[in-house]
Amino acid sequence: MGTPVKILVVLFSVIVLLAVAQSSYLPPCEPVNETVAVEKEGCPKCLVLQTTICSGHCLTKEPVYKSPFSTVYQHVCTYRDVRYETVRLPDCPPGVDPHITYPVALSCDCSLCTMDTSDCTIESLQPDFCMSQREDFLVY
């Protein structure tokens, strides 16, 4: 093996080791405590509460060559097992159901994003964002 090839092999090895080392410092995909806001059309206040959501790093890869005949799938940290809890929103007028149900993450998984249950956008609102007046109510 010539000197340029040896240098490339060493350089490639260093890059691989750095990539592995960096990924070991990223938080894994797991349930974490988060403050979220729940609100409902017709009710004047939103409720801010504590729950668990899925958050963390999932290994992904992007192909160098993108064929028009293949699809690229990126895995995201999303819910595996959930429990649903229901709370009552304050000051809802008569005729508006004051109850709202929200998910509590029990376990998480790196898998394809399901838009029915997850926000998979690049930039979304913060989980505790309210359109209406806030009322803090901490639930664990």
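Note that the numbers count up from 1, one per residue, in the order the chain is shown.
From the backbone N, Cα and C atoms, a Cβ is placed for every residue, glycine too.
Here Swiss-Prot flags Cys29-Cys77, Cys43-Cys92, Cys46-Cys130, Cys54-Cys108, Cys58-Cys110, Cys113-Cys120 as disulfide bond. The N-linked glycosylation site feature in Swiss-Prot is assigned to Asn33; the stated evidence is sequence analysis. According to Swiss-Prot, the feature signal peptide maps to 1-23.
Following the DSSP three-state reduction, the secondary structure of Cys29 (disulfide bond) is coil. Looking at Cys113 (disulfide bond) and Asn33 (N-linked glycosylation site), their Cα atoms lie 20 Å from each other. Between the residue listed as 'N-linked glycosylation site' and Cys46 (disulfide bond), the C-alpha separation comes to 19 Å.
A 10 Å cutoff on Cβ-Cβ distances gives Cys58 (disulfide bond) a total of 16 other Cβ atoms nearby, all chains included.
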